[in-house]
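Structure, as structure tokens:
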Amino acid sequence: MATGKIVQIIGAVVDVEFPQSDVPSVYDALNVKDSKERLVLEVQQQLGGGVVRCIVMGSSDGLRRGVEVVNTGAPISVPVGTKTLGRIMNVLGDAIDERGEIGAEELYSIHRPAPSYEEQSNATELLETGVKVIDLICPFAKGGKIGLFGGAGVGKTVNMMELINNIALQHSGLSVFAGVGERTREGNDFYHEMQEAGVVNIEKPEESKVAMVYGQMNEPPGNRLRVALTGLTMAERFRDEGRDVLLFVDNIYRYTLAGTEVSALLGRMPSAVGYQPTLAEEMGVLQERITSTKQGSITSVQAVYVPADDLTDPSPATTFAHLDATVVLNRNIAAMGLYPAIDPLDSTSRQLDPLVVGQEHYDTARGVQQTLQRYKELKDIIAILGMDELSESDKQVVARARKIERFLTQPYHVAEVFTGDPGVYVPLKETLRGFKGLLAGEYDDIPEQAFMYCGTIDEAIENAKKL
């Protein structure tokens, strides 16, 4: 094993000098000797003269020049397989749940090639979520990639938790949750919720259904940049065993942001809005690996923070290109008190095609969108002239659109503790029956308040009787 010594430290970036004959390769992991805790450096650049520039996978506090560093001769490798289930790990695959070593028999490198074109498989099987607006407007595919886009405080994490609750708990397969640069409190809450739901079994870890990898907000950029790859590597292993895996990533934007921080420290020139020049490539390296093969599938749900609610920002704009379904959360809908604040006019899915979902579903979804779009256009007229100036047909459109807006809301299981309303899971056929009836005018006599926060259309009819 070649040894070198630290010659320069700039925050999270460290330069290490090795003998000219033993210079480490890019992405090799280097272990720092004499550090109290395991400290790993990842080689990013070779500067010449035997010097390599690395990012620190941990805190560089207490590091000093002259400290010896050992080259492992391989990239960072993390434990994979069933031993990771029910455990919380950091970017290096070390347990951080105070329940002892992971003890996995196998380690995988976090840098792996994406599956070849021949190995990939197409996904058209639908994945029911139990959330009306998603199942109707932007249906998910099993083995597809789904993005939840939204600004700060609009409900990305709550929607993700509800999807985990509805899909992962009903789904017999395995899940991997990667917390990338999010709040430690959310990670802790998630762990305890998973225990209560029985998805994490502390007494019998082998019966657990989820592996968790956390690189939180307070950690150095190196950890936040690589933690998504660590989680993905664990998911890939389960997929290659022939299983159907769910991969949840919260939040992809923090992955981009960590890349921006590292890029600046490595001395690269920034590109648009200060992002790293390699933004599209870094995103591609991650996203191209999240795919289904002929052996098994990875269905991924990724939360994407939208800076200043601007969907044209380079980070969310780069993410859009890789997704099969995009769920866009809208602050104006949240301001009206309509949750989930999913925008039915902005959210899209490749699966919303008559050949995949069927003609009835397609027509219902497009009918809902047309009604809401017409209402949106009429809002300006209503604001200036009032409702009385509208034609009878337009008045009917407005009345139905307002009912549709309210019927798109529903109580969530994960929000039960805050709202006091029990959550509901709405099957797709019930969703279609309700919206089809609304469009056909079957419920024109029911007041719009009855449609707020109900599950099926039968609940709305019951609510109307109480009004």
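Yeah, the Cβs are placed from backbone N, Cα and C, and that goes for glycine too.
Over in Swiss-Prot, the protein carries these features:
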- GLY150, GLY151, ALA152, GLY153, VAL154, GLY155, LYS156, THR157: ATP binding site (BINDING)
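Recorded features from Swiss-Prot, shown on the structure.
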residue	record	contacts (Cβ under 8 Å, 6+ apart)
GLY150	ATP binding site	LYS156, ALA303, VAL304, TYR305, VAL306, VAL328, LEU329, ASN330, ALA341
GLY151	ATP binding site	TYR305, VAL306, PRO307, ALA308, ASP309, LEU329, ARG331
ALA152	ATP binding site	TYR305
GLY153	ATP binding site	ALA334
VAL154	ATP binding site	LEU329, ASN330, ARG331, ALA334, ALA341
GLY155	ATP binding site	LEU329, ALA334, TYR339, PRO340, ALA341
THR157	ATP binding site	GLU182, GLU186, ASP250, ALA303
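Within 10 Å of the C-beta of LYS156 (ATP binding site) there are 26 other C-beta atoms, taking all protein chains into account.
Close to the recorded ATP site, the chain also has TYR305, LEU329: residues not among GLY150, GLY151, ALA152, GLY153, VAL154, GLY155, LYS156, THR157 whose Cβ is within 8 Å of the site's Cβ mean position. Following the DSSP three-state reduction, the secondary structure of GLY150 (ATP binding site) is strand. THR157 (ATP binding site) falls within a helix when secondary structure is assigned with DSSP.
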